[in-house]
Amino acid sequence: MSHVLVNVAWPYANGPRHIGHVAGFGVPSDVYARYERMKGNDVLMVSGTDEHGTPILVEAEKEGLTAQELANRYNRVIAKDLCDLGLSYDLFTRTTTGNHEHVVQEMFKQCLENGYIYKGTQQVAISPSTGRTLPDRYIEGECPICHAEGARGDQCDACGNELDPDELINPVSKINGETPRFEQTEHYFLDLPALAEANKAWLETRKGWRTNVINFSLGLFKEVKPRAITRDIDWGIPVPVKGWIDNPNKKLYVWFDAVIGYLSASIEWARRQGDPEKWREWWNDPACPAYYFMGKDNITFHSQIWPSEMLAYNGKGSKGGETGPMGPLNLPEQVVASEFMTMEGKKFSSSRGIVIYVKDILARYPVDAVRYYISVAGPESSDSDFTWAEFVRHNNEELASSWGNLVNRVANLINKNFGEIPPLDEDSMTNEDRGLLEEASAAFDVVGSSIETHHQKHALSEAMRVVGDINKYISATEPWKIKDDQARLGTVLHVAAQAVSDANHLLAPFLPHSAQKVWEALGGTGTFSPLPELKEVEDLDKPGFTYPIITGDYELGVNVHPWKSEAIEVGAMVPKPAPIFAKIPTEAVEEELARFDEALAARRAAEAERLAAEKAKLAAE
């Protein structure tokens with residue numbers, strides 16, 4: 001058994017998450033974690049809500065809430081949505097815990113002691129109307145490098161380069177359209193140039209990364225500049241330096257603290273297990289690989305920023321230094337970044353109403369239909385488009401008609417003719433029988449290899465190919481016509497049931513909810529595919545502060561079945577089957593498109609009204 005660390009990008013707690021978000025960080029990470037558990041590996045899968053930074057302050061102000069109140073609201077919303085989606089976190093937590101604050105400050109202090117954090121000045125954008133510092137991504141303008149419009153103050157999506165707000169040409173605030181003013185203020189900086197050589201050398205040893213991810217990551221080192229890691233803001237983690245720690249208007253920058261969440265969540269998980277040092281098995285053992293799942297807009301933070309922080313903490317940059325008490329910390333084995341998903345040809349945008357939230361789609365459609373569509377049509381290595389027509393087609397043709405109907409046919413024939421799993425009569429077996437069993441068994445290596453190399457679309461297509469071949473076997477053997485040879489009928493149905501069971505194992509990482517139903521349809525008892533649960537807990541360091549976590553029991557041999565062909569149990573009672581998947585009426589496509597258009601129009605009207613009010617307010621002042 002090996003240890004495997006699965007780190008999942010932290011959703012920002014300024015609103016509910018939509019289907020484009022979970023297509024990048026959610027379902028792919030869960031498929032991988034479930035597969036590794038079935039392989040017998042000891043997986044630690046962690047994440048949580050990212051809750052600091054100016055965007056939360058801005059949204060809270062709009063709603064008349066404190067930043068903590070807004071974070072509390074969306075922490076609960078997001079945790080429930082991700083739990084309902086079946087994402088099997090060992091711990092899904094948040095960044096406003098006392099534990100996270102302690103770990104972040106420990107990281108900062110060791111990096112400072114090693115010389116990789118220093119004090120300097122930087123121009124920051126200020127809102128003339130409020131006097132508040134504007135977050136980088138709330139400023140837009142023309143990119144100074146590729147001259148694309150709509151570049152943000154932290155990055156240009158068109159060319160992928162990192163930017164500072166004062167580099168933009170004709171910058172404006174996304175909040176109210178005003179032109180920001182820039183002022184010099186004192187900040188702490190992470191000395192990325194002093195870490196660049198070690199960071200790049202590590203990147204050059206990476207193998208098996210998606211081409212777009214490794215090429216983009218290496219491109220970050222053409223020009224490396226120090227990055228400010230503090231902000232003039234009253235919402236965030238205090239800066240652990242004398243003269244700063246008690247300053248209410250100086251906090252650590254959200255991107256510095258958020259990536260440390262992988263480590264702090266692992267430590268919190270260990271503390272909640274009653275074994276406070278257990279996290280080290282995943283973070284300090286160089287043999288333990290760490291896989292990071294996210295959308296491509298987060299590549300920079302996981303192939304440059306977070307590795308640089310760990311190198312600084314480990315004392316492995318050009319300035320040397322001592323490894324801190326939490327180290328040495330393992331750098332990522334692989335950064336698994338998906339591309340972007342659009343919706344009906346348009347870029348997802350909550351503010352513009354181009355969105356389908358996780359909660360809404362799960363309220364109307366089965367969870368595994370959503371997971372299947374993301375897996376088969378998601379943005380694995382190129383941008384993809386969510387369309388309602390394709391969502392319905394994949395569900396109806398592949399899940400309901402092909403897979404679900406197959407399970408029902410086999411279970412119904414067994415129930416009707418035997419009532420239990422019939423024995424296999426070796427004497428009546430044909431080459432066709434043996435061929436199907438061999439194919440289904442061999443598929444574990446094929447599908448598993450594709451999941452291990454993060455080609456989940458190919459893995460799913462191979463699993464569904466097995467489903468297709470079982471359907472062909474049923475059509476060719478025509479068990480409903482075997483009237484006078486019970487031994488042969490039993491053999492055909494046993495072979496079919498065994499192949500269906502194998503296919504169910506292959507599909508379980510993708511379709512955990514229906515996998516349980518298929519298991520039970522073939523006479524299985526107990527848990528086959530464990531699901532996560534929400535639990536209300538109290539903060540380990542802040543008495544009275546409570547919040548929900550996602551956790552679960554995913555122990556191999558108890559709640560998790562192995563990644564191999566398991567012999568079905570002869571004599572296991574097979575009940576009259578119920579449908580595993582239902583077809584979605586084709587009328588749903590037009591209904592969803594109409595709902596989408598209505599929401600889009602309403603959001604546009606509301607946003608136009610809000611901007612007009614902001615401009616009128618500025619004009620009056």
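Just so you know, glycine gets a Cβ as well, placed from its N, Cα and C.
Per Swiss-Prot, the feature motif ''HIGH' region' maps to 11-21. Within the chain, the motif ''HIGH' region' (11-21) has long-range Cβ neighbours (under 8 A, six or more residues past its boundaries) at 47, 49-51, 53, 55-56, 59, 70-71, 74-75, 77-78, 81-82, 94, 295, 340-343, 348, 350, 355-359, 361, 370, 374, 386.
Look at Cys156 (Zn(2+) binding site): DSSP puts it in coil. Under the heading Zn(2+) binding site, Swiss-Prot lists Cys143, Cys146, Cys156, Cys159, citing sequence analysis as support.
Helix, strand and coil counts under DSSP for the motif ''KMSKS' region' (347-351) come to 0 helix, 2 strand, 3 coil. According to Swiss-Prot, the motif ''KMSKS' region' annotation covers 347-351.
Its Cβ taken as reference, Ser350 (ATP binding site) is surrounded by 16 other Cβ atoms within 10 Å in the chains shown. Per Swiss-Prot, ATP binding site is recorded for Ser350.
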Chain-mates of Cys143, Cys146, Cys156, Cys159 with C-beta within 8 Å of site centroid, Zn(2+): Pro144, Ile145, His147, Ala148, Ala151, Asp157, Ala158, Gly160, Asn161, Leu163
Residue pair Ser350 (ATP binding site), Cys156 (Zn(2+) binding site) - Cα distance, angstrom, rounded: 20
Spatial neighbours, same chain, of Cys143 (Zn(2+) binding site) - Cβ under 8 Å, 6+ residues apart: Glu149, Ala151, Cys156, Ala158, Cys159, Asn161, Leu163, Leu168, Ile169
For the binding-site residues Cys146, Cys156, Cys159, the one whose C-beta sees the most other C-beta atoms within 10 angstroms: Cys156
